Amino acid sequence: MNPRRKSRLTIILFVLLGVTIASSLVLYALRQNIDLFYTPSEVISGKNDDPDTIPEVGQRIRVGGMVVEGTVKRDPNSLKVSFNVNDIGPEITVEYEGILPDLFREGQGIVAQGVLKEPKLLEATEVLAKHDENYVPPDLSEKMEQVHKPMGISNQDMQGESDRDRLDKAVNSVEEGKK
């Protein structure tokens with residue numbers, strides 16, 4: 001190999017090494033700004049029930065779920081609010097200091113972004129409320145569909161009408177027919 005080719009190869013290798021190092025540093029810096037989305041069940045048991053995917057305490061995450069009825073507690077001396085959020089399973093507690101969105105209320109869907117302070121405690125820096133009464137965060141609705149369909153829960157069950165309700169209606173109509 002002549003000296004000219006050798007110097008070109010050396011320059012190319014140093015440029016590639018520099019680009020690789022710069023790319024690695026950029027990706028490492030961005031890693032801290034990426035907020036992964038979890039449901040409350042995934043915060044506790046991991047994505048797809050894999051314990052290796054449970055978020056670590058101190059990690060920035062986004063949690064989407066429904067505000068549990070009767071769990072909203074407001075500090076009378078400040079803007080601190082705490083409430084529980086669940087999807088179809090366990091609950092986690094969210095603490096937030098600030099003004100909540102106008103559409104925030106119990107029983108409604110929210111997405112909270114913040115830092116996981118304890119395995120079941122999220123210190124939120126931002127709380128986003130749903131848009132209307134039919135809104136459910138997309139990831140949460142997918143998870144609910146995955147859980148409800150295999151269990152044999154029908155759309156009527158999801159709307160509050162169970163097999164027992166349908167059976168009671170049928171029995172009542174038969175009894176009325178006998179009269």
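Every residue, even glycine, has its Cβ placed from backbone N, Cα and C.
Quick caveat, the model's predicted, so the values are computed rather than measured.
Quick look at what Swiss-Prot lists:
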TOPO_DOM  1-8  topological domain 'Cytoplasmic'
TRANSMEM  9-29  transmembrane segment
TOPO_DOM  30-179  topological domain 'Periplasmic'
BINDING   H131, Y135  heme binding site
COMPBIAS  138-148  compositional bias 'Basic and acidic residues'
REGION    138-179  region 'Disordered'
COMPBIAS  161-179  compositional bias 'Basic and acidic residues'
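Mapped onto DSSP classes, the topological domain 'Cytoplasmic' (1-8) shows 6 helix, 0 strand, 2 coil. Confidence in the topological domain 'Periplasmic' (30-179), given as mean pLDDT, stands at 81.
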